[in-house]
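Working notes, structure below.
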Amino acid sequence: MNDATNLIANDAKSIVQAHLDRLGEPKDNHWTEQAKQEKFEQIRAELKKRDAVLVAHYYCDPEVQELAELTGGCVSDSLEMARFGRDHPASTLVVAGVKFMGETAKILSPEKTVLMPTLEATCSLDLGCPVDEFTAFCDQHPDHTVVVYANTSAAVKARADWVVTSSCAVEIIEHLDSLGEKIIWAPDQHLGRYIQKKTGADMLLWDGACIVHEEFRARGIANMKALYPDAAVLVHPESPESVVDIADAVGSTSQLIKAAQTLPHERLIVATDRGIFYKMQQAVPNKILVEAPTAGEGATCRSCAHCPWMAMNELDGILQVLQQGDQEIHVDPALAERAKLPLDRMLNFSASLKR
């Protein structure tokens, strides 16, 4: 077993910060019910015109998730988003999420038009794993199987043997470990360490992190637990190890929603992006959901419990891209063909788990 090593070039984290700085102050996305419903009707009409369906991630703002539900779309984690987009008959997919999700949709459905409300919505994990540096590192370890998280660019996926999401990562790494494979894992160091601990696999870990989940601190959650001793703690494994260690349930977004339903506790402290509260509250309407505190609580923190790039998916942007078609995802066909192989491995493996 190998300890995590700092593999990222010194400028990678500055790239993430530069992207955050470009966002400026967040917009006030509060909608009156009447204005929201009027916007929904406008978007519904444009979806029909374009033969389009809206695919939204759990971390999008509530009104975007609500719109996807009302228009026959999908609100889910990145694995189910990939499946849904691939299998839905619509000729156009509108992906409300971050850019790698749009790229994945295009790779799996090259014949479809894939639009996003903004192409500026990215991910700190994607930014923190530049393809040239990652490829060079992989080339130094040719005896390792390369496994990358879905939160990566199409180019990084094309260099991988497997792509995984947090909902299937443990099972896939267990499978590879049972075959005696040594693994390069990228980019999320915390998720990688969690998987390594669960499976005992021989893994080299890339040093990336999610700017939202890295903000959670065990001390803050312990203090909140002292306030609510009857509460259960739900944690996404992109969080630091010390936070994962005090959780009552650890899992992907969809797994945390299931845990909320299964656990007997009436109050839940949730350490993941607060966008999940929309669907989680639907699943447990009689339970009290509490946001886990972050290191940036009370400070001018752009990442505190909500991804600033996910927040860029707005109703106005969805309407505009449907009307103008200008924010379209393109992936080089040769690159897409290579990236599709590890994605298909993941989807086929995940489908076999359900049988």
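Glycine is treated like the rest: Cβ placed from N, Cα and C.
In TrEMBL, the iminosuccinate site is described by His57, Ser78, Tyr149, Ala150, Asn151, Ser166, His236, Pro237, Glu238, and among Thr92, Thr135, Thr253, Thr262 the residue recorded at this site is Thr253.
TrEMBL names Cys210, Cys307 as [4Fe-4S] cluster ligands; from the candidate set Cys74, Cys123, the record adds Cys123 to that same site. Of the candidate binding-site residues, Cys123, Cys210, Cys307, the one lying closest to Asn151 (iminosuccinate binding site) when CA atoms are compared is Cys123. Its Cβ taken as reference, Cys210 ([4Fe-4S] cluster binding site) is surrounded by 25 other Cβ atoms within 10 Å in the chains shown. Checking each of the binding-site residues (His57, Tyr149, His236, Glu238) against Cys210 ([4Fe-4S] cluster binding site), the C-alpha distance stays within 10 Å for Glu238. Taken residue by residue with DSSP, Glu238 (iminosuccinate binding site) is part of neither helix nor strand, so it is coil. Sequence-distant contacts (6 or more apart, same chain, Cβ under 8 Å) of His57 (iminosuccinate binding site) comprise Val75, Ser76, Asp77, Ser78, Met81, Ala96, Gly97, Val98, Met101, Gly275, Met310.
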